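Listed features, source Swiss-Prot:
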DOMAIN    39-147  domain 'tRNA-binding'
DOMAIN    400-475  domain 'B5'
BINDING   453, 459, 462, 463  Mg(2+) binding site
DOMAIN    698-791  domain 'FDX-ACB'
């Protein structure tokens, strides 16, 4: 936001110097980026009129001008500006004037004497325009000091605003903060109604609901099309970074800069029928003021007459209804639009305007009626005309309502760590335009409509801290006892999980928590998804329901770049929609791994082989061993897994994850031409650590017995081993599966499982009779429970 220092001081009388004002603005959160002094060395620059201009006899691009500078005689000035002409009023630097580093002297240019210099705005340091002489109004008093005529000296101040301070996109909004910081008051502002003279109106229809709940319009007829922007108004615009265009456009820009309310002026004679605020129809076209023809979708707000859109609401007017140098009848517009309805629409069209910048951050919903009265008064004063009544259409139920906030003394002290006197609290908040009612605990505060960023008690306390001064808050060290957090023995921390996986030659990767909906469809993961309201892009619009889609995609990108052995893992949050409508999504921490390529790094002593299910299961079991988790595996029916090489993972009877080979069809769809083995499971159940319980080491020898059973194909090793453990009890030290065989000698529908039982007692040496009894019991149970038979 750029503005004139003198303009600001006209709204808030303060004694601070320019440097003090800049320091104050920065201290209260309105960071000053640049201060450009204007007109401080124009003591010998006057208003002058060119009486005669003749071509220089020795130079085609120079003119010899006779100039009236109010000194009783004409001065001869040699000038090279393309717009130098008889009758032009422009600044003249007299001999002895200092313009920047240049001192003006009498000189000869190509043999012709020149007694001064006609100046451009850039040469005077007033503007960046160097196209020609600074053209002043024809009625500017010849001979008057230019600084006096232009209201100089002044300064152009540019501040950097945070997104929450949209109220400071106006001179008056800034004035309230300055008044509070400098113990001053903002000058009262007269926005009284202008009485209508005619009855001419345009009906207004609001058809966009909450997106456009307030719209004010006024017809003014009989405007003088030859009226020019007065120098005081043009200079305020120029010093605020806005180039004057024409009177009507300049008035709307002036109101926007002074009050913060964007406005638009239509040529009334180009409008047909009532004005409507509505959503655009897909495919509608509109020629904009910048000359572009745009095709709209149904997400834009438009201002339309009876037959067509005539403006993009909150962004830019239409070319066909613009005001021109012949406009005599005008329709002024001032409206409030919901920021969400404007946000992002300009970027769709590659369009950035001052109006859009303000509307998408928020504009005071109470301003439109005031702004249209101020603009009307300026039009009548500068261009004449006959005003009609203001048409004020609104949907009160959709207008923002100010909240009453309880501000407690104790809360101020607790948040800021200092006590602020009640008198100072009241003074600062009232200077900011807030209404206060004293209560026992403090005050009930209602913020003005322009401060829509004030919603909770802490917002008010932040304002007090800004205005009171952060530099006045004493520096204190935090107190309290320092405690060393002891790691829980019942919990395996994430760092340990990472170290375990790294020790298994896995490398950690971190992927986006957002995924492409199309990718999830390929994985057939479409239930319970959490979509983003404002995604970074269409490809990152869903919060990930699990880690594997992103992890496998990363593995695929690496495999496609000649990485022969890829071993990745990731720890991260996953998200699921809540079962109850309106409840917050659920999130949980998962761990996943995905590998492909060779099982081992290339070495001369081992034959190369590809990684398989059992390799990755070994990685998972090593991780489980770190927490003492006893995992069980059951065949899985997940659609993204290979039907014969995947399993669901259970702990204590609860499914906590999945392990297996990614389905070949899915891998092909992802452009991965190698087998991918992966697992993913919930981290919470996995890291619940079983505390070690030290037992007595047996002094007696262990005994091993090997058994082989023919069991039906559908019977899993997990079920068989569970039966063995239950049957043998405390004598069993370990049961190991050391062979699985299908083929010759084994009937179809069966498989051979060979296991080793390791038995040991702590109190005695087991005899053959003891061991034989155990083996007999094991054989009987397995044959009975699993329809198995001992293999001979």
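Glycine residues also receive a Cβ, built from the backbone N, Cα and C atoms like all the rest.
Structure coloured by features recorded in Swiss-Prot.
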{"residue": "453", "record": "Mg(2+) binding site", "Cβ within 10 Å": "17"}
{"residue": "459", "record": "Mg(2+) binding site", "Cβ within 10 Å": "16"}
{"residue": "462", "record": "Mg(2+) binding site", "Cβ within 10 Å": "17"}
{"residue": "463", "record": "Mg(2+) binding site", "Cβ within 10 Å": "23"}
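Other than 453, 459, 462, 463, the residues of this chain whose Cβ falls within 8 Å of the Cβ centroid of the Mg(2+) site are, in sequence order, 164, 451, 454, 458, 460, 461. Each residue in the domain 'B5' (400-475) gets a DSSP state, and the totals come to 33 helix, 14 strand, 29 coil. Across all of the domain 'B5' (400-475), the predicted model scores a mean pLDDT of 94. Break the domain 'tRNA-binding' (39-147) down by DSSP state and the numbers are 2 helix, 41 strand, 66 coil. The DSSP breakdown of the domain 'FDX-ACB' (698-791) into helical (H, G, I), extended (E, B) and coil residues amounts to 34 helix, 32 strand, 28 coil.
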